[in-house]
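To start, the structure itself, in structure tokens.
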Amino acid sequence: MDGGSILETIGVEIIGVMSPVSICMFLVVLIVYTLSSPSSSDNQQVIRTAANLIYLESSSDTTTQKLEGALLNAVVFVVLITLVTFLLVILYYYRFTNFLKYYIRFSAFFVLGSMGGSICLTLIQHFNIPIDSFTFCLLLFNFTILGVISVFSQGVPILLNQMYMVALGIIVAAWFTKLPEWTTWVVLVALALYDLVAVLAPGGPLKMLVELASSRDEELPALVYEARPNVGSRSGNRGPNLGLLLAGFSDGDPIELRVMSSSENVVQNGRGVNEMRSESEDIDGVREVEIEGEMLPLMGSSSNERERPVVNEEIRESNESDRGRVLEREIEEEEERGRGIKLGLGDFVFYSVLVGRAAMYDLMTVYACYLAIISGLGCTLILLAVCRRALPALPISIALGVIFYFLTRLLMEPFVVGTSTNLLMF
């Protein structure tokens, strides 16, 4: 595929990925900005998670202590993620797929029910929403069960599946924003480097997992958001028609009609014409000729008349085989264009953590970080269209987001505030 066709087809895919990412980041910023205040951010209770097992940051610590503790936390967190990913590869290699599916379903149930319920309780207390415990538990239970069914079951509307995938990212990201500031930034940089190595390096766990799933022609055993999920992947079929028609982007025609309209109908029509022609020319070896206005039967007894059906049959088979190869080539091209872009749920989470942390400081910083992340994601998607292989989605976006955060906070924000207060810029 040349550069022009890539740029023409990548637009819809970029929009399909950036829209849910933008919604996730916006809602995380809204939650963080609503629940945080300058007084509460300093006195906020530090929670113990896998990202800060070694060091709990305190406001009284020096800058050196915070940096050293954040580095230790990041190293431990990346090591834990690496071990868990290799364990996932081993289990998938030995086909413990049912165990992995049930584990992921339990994780989604826990995130939606426990972590999501805690965030809902905080919002209810903040806005003083009148609701009793029984009603809240009933609504939370239904929300959680519907979420697990929507994410993992077949036959569910794809929009509902995408909404719950975004909800999972929002909940996890909102929890990660409770990490201390220094730990958050160092962990984000460390995860971007880990993602780069795990996906591209030989022997990387994510690279091994993707290659193993591709060799088995199976879906990844993970929570993955597919920007343009096709009908085949949602129904569990991964046959040769995978990705020919994409849900949400079709014009309402059935799959069979859309696939057969270009070439296969031509093959069938050609076969019908040849069959009708052979039947009209040779019916039980008798042909009709017109002599003085009367149709008289003429027996096809000559060698040419006997060999003609065989020649026609060979020509027809040759034409059908050529048209079949053309059809297969078109199907492969449609298959290549039809595969939707898949984005791991962790990418949603850490994009949103970055802008959520920026929301604790200033909205101008949030806007700069958002533009940086979206720009990095766009560059990654263009590279994906050119390279045609799995690429890490964190490194470019996280690098640009961190750089823009500190440039905005240290340079742009003082400049804008100074010029505004001195009436140099309105």
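The backbone N, Cα and C atoms fix where each Cβ goes, glycine too.
Automated prediction, rather than curation, is the source of TrEMBL annotations.
Under the heading transmembrane segment, TrEMBL lists 12-35 (among others). Within the same chain, residues 119, 122-123, 126, 162, 165-166, 169-170, 173-174, 177, 225, 227-228, 249, 340-341, 343, 347-348, 351-353, 355-356, 358-360, 363, 366, 370, 373-374, 377-378, 381, 385 sit at least 6 positions outside the transmembrane segment (12-35) and bring their C-beta atoms closer than 8 Å to a C-beta of that stretch.
Annotated transmembrane segment per TrEMBL: 70-94 (among others), in sequence order.
Long-range contacts of the transmembrane segment (106-127) within the same chain, counting only residues at least 6 positions beyond its ends with a Cβ under 8 Å from a Cβ of the stretch, are 31, 34-35, 136, 140-141, 143-144, 147-148, 151-152, 164, 167-168, 171-172, 174-175, 223. The transmembrane segment annotation in TrEMBL covers 106-127 (among others).
Sequence-distant neighbours of the transmembrane segment (133-152) (same chain, 6+ residues past either end, Cβ-Cβ under 8 Å): 101, 104-105, 108-109, 112-113, 116-117, 120-121, 124, 160-161, 163-165, 167-168, 223. Among the features that TrEMBL reports, transmembrane segment is placed at 133-152 (among others).
Per TrEMBL, transmembrane segment is recorded for 159-176 (among others).
What TrEMBL lists as transmembrane segment is 182-201 (among others). Sequence-distant neighbours of the transmembrane segment (182-201) (same chain, 6+ residues past either end, Cβ-Cβ under 8 Å): 51-52, 55, 57, 66-67, 69-71, 73-75, 77-78, 81-82, 85, 176, 207, 210, 346, 350, 353-354, 357, 390-395, 398-399, 401-402.
Packing against the transmembrane segment (365-386) from elsewhere in the chain are residues 6, 9-10, 13-14, 17-18, 21-22, 25, 29, 341, 351, 354-355, 358-359, 392-393, 396-401, 403-405, 407-409, 412-413: each is 6 or more residues past its ends and has a CB under 8 Å from a CB in it. Here TrEMBL flags 365-386 (among others) as transmembrane segment.
According to TrEMBL, the transmembrane segment annotation covers 393-412 (among others).
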